[in-house]
């Protein structure tokens, strides 16, 4: 079939746009990430004198970096509509966020939709696959205090010990509020077959849109970060909690990401923008921590139920194009998440100005020394 001039022109425009967007992303990273690192190096004396203020500033810079990533998708027309509970109501409380995992674009989507949730982004901790440590954003996550977890049975026990140590050392000393994890332990397309085989063997529901979650990291987080309650519900480490005067984890936010037609966005699409403008749908359900069991068997059942519910939510979404209403509601209510273009332009401008400033400073010192 012959290619028409209009088709060739459209393909050419798409390739040119993708090339320009890639060049902008590279430039963005070359100025923003070194600037983040250099600002924090210069501020090291403040870390000794006033650690709280240092990590506040670091959190603001971290939020701006995530906003830059969000802007790549936002300006490509990749937007978010939110459903379910309003998580802004718990944005100042400690919470564990459980998210289904379909593609690399899930992280970008969260970076976007959490931007307007108060202080959440600058005070959050991510649990992510260790491979992300070796990406361009790895140095930022290392400094911020995110945790990189190795998958696989051979590493599992050791990784859970390291996670507990990491939480005890960094979570409250850096005033973190939300901790985000993907309990499935990998992308849907990679884990679905194994999960279904496990479900069949253990007489568990057959899931197509999610996989059965793994318990380990969730259990460690609850054990370490949940404060002892007056009614005797299970607790984490009291010494850490009392020192920071924290109430401990108060909520679990069950977050379900859905893409139109079940076609997830990956990081390449987010950067290059070659896919047509797409609305990603994010559903939230908030559970008080007192409703989450501590015993391993009960917690496993509770966690499985959350992902069985996710399966039902996604099935309903793929059939109707909308999530079902919450219990007690007659109609589901959606909220279009928005970002200010002026604010995004301001942050990008500051990044490039900072990059230019640091280049001039380093050039000056280089000529002075050599």
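Using the three backbone atoms N, Cα and C, a Cβ is placed for every residue, glycine included.
Annotation comment: TrEMBL describes 95-219 as domain 'Phospholipid/glycerol acyltransferase'. Residue counts for the domain 'Phospholipid/glycerol acyltransferase' (95-219) under DSSP, helix first, then strand, then coil, are 61 helix, 18 strand, 46 coil.
Sequence-distant neighbours of the transmembrane segment (20-41) (same chain, 6+ residues past either end, Cβ-Cβ under 8 Å): 57-58, 61-62, 64-65, 68, 72, 76, 136-137, 139-140, 143, 271-273, 348, 351-352, 354-356, 358. TrEMBL lists 20-41 (among others) with the feature transmembrane segment.
As annotated by TrEMBL, transmembrane segment applies to 53-75 (among others). Outside the transmembrane segment (53-75), and at least 6 residues removed from its termini, the chain residues within Cβ reach (under 8 Å) are 21, 25, 28, 32-33, 36, 39-40, 43, 46-47, 105, 108-109, 111-112, 115, 119, 121-123, 137, 140, 143-144, 174-175, 265, 270-271, 273, 339, 341, 343-344, 347-348, 350-351.
Residues or ranges marked as transmembrane segment by TrEMBL: 342-366 (among others).
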